[in-house]
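Trainee: Have a look at this one.
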Amino acid sequence: MSLSEYLREFAEIFEEAAQELTSIFELPPDLLKDITEEDVGTDDSCNKKFLEVQKQKEDEEDEEILKGVDLTQQDSVREKIHEIQSMSQLSEKRKALLMQKMLMSGYLKYRRTHKKESDENQLSSSDLEKTYYDKEQEILGCSHYMRNCKVQCFDCHEWYTCRHCHNDACDHVLERPAVENMLCMICSKVQPAAQYCKYCKNCMGRYYCNKCKLWDDDPNKSSYHCDDCGICRIGRGLGDDYFHCKTCGLCLPISVFNTHRCIERSTDCNCPICGEYMFNSRERVIFLSCSHPLHQRCHEEYIRTNYRCPTCYKTIINVNSLFRILDMEIERQPMPYPYNTWISTIRCNDCNSRCDTKYHFLGHKCNSCHSYNTCISSIYKPLDHPQVSIPRLATAEDAGMRRLMGHSWDNSDEDFNIFGIHSFI
């Protein structure tokens, strides 16, 4: 007999007994109603207790059946599954629940242990240990921020001074908007995230953003939150020294409000040099004259050996002096026969024009803008007649420039309209 059938039969017997008692003693209707309601409540309580006892009994039986299985050994697990399947006294539903409980026993044990530790709010010695931005001057924080608190990751519940410290140590990313708790490093008290500690009343950071859960106690840094970007950035604020460009999808200096060229979601990509995602990077991002972004640190290293944008190959620094040297070198070193009869069809990376020019090992000059930043499309050889197509000749057009990269040049950023932005803080 199933449990539901048993309870149904029990209720019918109880109802018959109540009718007999009513007919014998002829109780008043209102009194009978009160007694019936009280009996129903008692019956529900008994049923609940009965179910709890029944579940406890089943759990004990399950533990006895699953005793001895080693989840790390496939043979042991397979043997136990066959044993459960062969138990004719168990229903198919009970067998399925048993196998599920066996396979999830390790996870359930971890959850119970983790929940217990979380409920007791136990903090390890490493959690309570203070971290410093500058240990000599006793400025609390980490290598990334000045702050007086630690944050708890919503996913792993571990404590770190900032999201960067967490991301460097863990295999997942800390989502700052999801942070709920902070640990004051002054009084070592856990509490909801806020700018001030509710126990010692100390300020956790001069700047605090409740949306990003960002604390920064650096007195020399100004920060603001941009709702369109969805993050905090370095600066005095929108309308003061920055504006948000809807097309580019980021905040730009007000000085380039009327001059910058819009590229949709321009920083929603990785840096072409180091590969780091630029939209929320802490590194300063600059925009080249062609409006392509990259990290300022990467740009400074890159232009030591290259003069072209890594994305579109346009010239990004002033190399006019090198072009003049190339003019003199090409004039001084004429090509020998039969190379002096060859004609190159070139495409200019700076002005995108196509033209024909004399072939030379050192480089090919654009007839429109006089730039040597060109690439060969094809070469016409009068002695052979057929025109040999070269989809991409990676060395010929740069041979002369590589020889001259050791020379100095005027790399003034003003001539090439390079400007920078402070990104995610």
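Any Cβ shown, glycine's included, is placed from N, Cα and C.
Here's the feature list from Swiss-Prot:
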BINDING   CYS142, HIS144, CYS162, CYS165  Zn(2+) 1 binding site
BINDING   CYS184, CYS187, CYS197, CYS200  Zn(2+) 3 binding site
BINDING   CYS209, CYS212, HIS225, CYS232  Zn(2+) 4 binding site
BINDING   CYS226, CYS229, HIS244, CYS251  Zn(2+) 5 binding site
ZN_FING   135-202  zinc finger
ZN_FING   204-270  zinc finger
ZN_FING   271-313  zinc finger
Trainee: Per-residue pLDDT averaged over the zinc finger (135-202) comes to what?
Mentor: 92
Trainee: When secondary structure is assigned with DSSP, how many helix, strand and coil residues does the zinc finger (135-202) contain?
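Mentor: Output for the zinc finger (135-202) reads 10 helix, 18 strand, 40 coil.
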Trainee: From the DSSP assignment alone, can you count helix, strand and coil residues within the zinc finger (271-313)?
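Mentor: Output for the zinc finger (271-313) reads 7 helix, 8 strand, 28 coil.
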Trainee: Other than its own, how many Cβ atoms are within 10 Å of the Cβ belonging to CYS251 (Zn(2+) 5 binding site)?
Mentor: 24
Trainee: Whole-number answer please: how many Å between the C-alpha atoms of CYS162 (Zn(2+) 1 binding site) and CYS232 (Zn(2+) 4 binding site)?
Mentor: 14
Trainee: Counting Cβ atoms within 10 Å across all protein chains shown, which of the binding-site residues CYS142, CYS184, CYS229 comes out on top?
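Mentor: The residue with the most neighbouring Cβ atoms within 10 Å is CYS184.
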Trainee: Just how many other Cβ atoms lie inside 10 Å of the Cβ on HIS244 (Zn(2+) 5 binding site)?
Mentor: 16
Trainee: Counting only other Cβ atoms and using a 10 Å cut-off, which of the binding-site residues CYS187, CYS209, CYS212 scores lowest?
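Mentor: Ranked by other Cβ atoms within 10 Å, the binding-site residues CYS187, CYS209, CYS212 bottom out at CYS187.
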Trainee: Taking the Cα atoms as reference points, how far is HIS144 (Zn(2+) 1 binding site) from HIS244 (Zn(2+) 5 binding site) in Å?
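Mentor: Distance (Cα to Cα, whole Å): 25 Å.
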Trainee: Within the zinc finger (204-270), count helix residues (DSSP H, G, I), strand residues (E, B) and coil residues, in that order.
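Mentor: The composition, in the requested order, is 3 helix, 24 strand, 40 coil.
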Trainee: Could you measure between CYS165 (Zn(2+) 1 binding site) and CYS212 (Zn(2+) 4 binding site) for me? Cα positions, answer in whole angstrom.
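Mentor: Cα to Cα, CYS165 (Zn(2+) 1 binding site) and CYS212 (Zn(2+) 4 binding site) are separated by 16 Å.
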Trainee: By a simple count, how many Cβ atoms lie within 10 Å of the Cβ of CYS197 (Zn(2+) 3 binding site), its own Cβ left out?
Mentor: 20
Trainee: For CYS232 (Zn(2+) 4 binding site), which of the listed binding-site residues (CYS142, CYS184, CYS187, CYS200) have their CA atom within 10 A of its CA?
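Mentor: Near CYS232 (Zn(2+) 4 binding site), where near means Cα within 10 Å, there are no binding-site residues at all.
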Trainee: Using the recorded Zn(2+) 3 site (CYS184, CYS187, CYS197, CYS200) as reference, state which further residues of the same chain have their Cβ within 8 Å of the centre of those residues' Cβ atoms, listed in sequence order.
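Mentor: Near the Zn(2+) 3 site, the remaining chain residues are ASN148, ILE186, SER188, LYS189, GLN191, LYS198, TYR199, LYS201, ASN202.
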